[in-house]
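Here is what TrEMBL says about this protein:
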type     : residues : note
TRANSMEM : 12-31    : transmembrane segment
DOMAIN   : 23-297   : domain 'Sugar phosphate transporter'
TRANSMEM : 43-66    : transmembrane segment
TRANSMEM : 78-96    : transmembrane segment
TRANSMEM : 133-150  : transmembrane segment
TRANSMEM : 156-174  : transmembrane segment
TRANSMEM : 186-207  : transmembrane segment
TRANSMEM : 219-241  : transmembrane segment
TRANSMEM : 253-275  : transmembrane segment
TRANSMEM : 281-300  : transmembrane segment
REGION   : 301-331  : region 'Disordered'
COMPBIAS : 313-322  : compositional bias 'Low complexity'
Amino acid sequence: MAPASKADKKAALDAAAWMFNVITSVGIIIVNKALMATYGFSFATTLTGLHFATTTLMTAVLRWLGYIQSSHLPFSELLKFVLFANFSIVGMNVSLMWNSVGFYQIAKLSMIPVSCLLEVVFDKIRYSRDTKLSILVVLLGVAVCTVTDVSVNTKGFVAAFIAVWSTSLQQYYVHFLQRKYSLSSFNLLGHTAPAQGASLLLLGPFLDYWLTNKRIDAYGFSTPSMVFMILSCTIAVGTNLSQFICIGRFTAVSFQVLGHMKTILVLILGFLFFGKEGLNMHVVVGMIIAVFGMMWYGNASSKPGGKERRSSRSSQQKNGGQESSEIDEKV
């Protein structure tokens, strides 16, 4: 009775974490679209810096209230994380500018196999055949939904390559640091948000000027644009926190696979709010394929053998192992 109750509680918390991430992620996309399209605020890197500055303020208040306990993260680990995270942000922005939308979407999809590779190499994870096939189905479905024109150029490819690897490393590192240093999502965010906020606010205006040829000090701030900026920063606190919670509870691969549900929801909301202009049969078919793949992945990866960590042979022999084969530890 108790184990079932514990499993039910975990499932409920997992679902709540996913819903939190989906709602905040979709919400911030809609708010940022309005801010940039309606009010012409095209300074994406600086806006991300403001997001992390607001998150820093939130973690400071929670620490003052006693909800975040003191913890330690070595400076070398923090520096690596901030480099990965900032290269990810800048790389994605540059990739979107230099590539066609189709190739940009393909680059985003390639984060899943890259994240799988990182888990296989560093965590010795082994995926079952069904888990691998379900990931391919998700990739196929999202590609059918989103990939249209595909054109590639050298500098765009380099930007996409940097963006994909830095994003995958950043997401892998979230799970790695939480596990290695026993950090909660709040603790890790309390360490990383100040460094990211400071570095992006310092470099953001220059990067945005390079990308858009516009200066932020020449932007005509208005009351509505300020309201949307404050709303964006507020939602970003939830987005940043929910990302750390989800990757901490699951893995970077699961976060990427199930995270494509947000892509489907953004498409659906776009149809609802902006008409059925982009709605056609191949997009609907792609959505159905992607959702089926996500459901298959959730089922396949949760089964025994669906996704396991290979134990070292030496540690089993030390424990008196008479077994010659490796014992798998489910993750």
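Every residue gets a Cβ built from N, Cα and C, even glycine.
Note: TrEMBL annotation is automatic and uncurated.
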Residue numbers, six or more beyond the limits of the transmembrane segment (219-241), whose CB comes under 8 Å of its CB atoms: 20-21, 23-25, 27-28, 31-32, 34-35, 39-41, 43, 47, 50-55, 58, 185-186, 189, 193
Quick one: find which recorded stretch in 12-31, 43-66, 78-96, 156-174, 281-300 has the most Cβ pairs under 8 Å with the transmembrane segment (186-207). 43-66
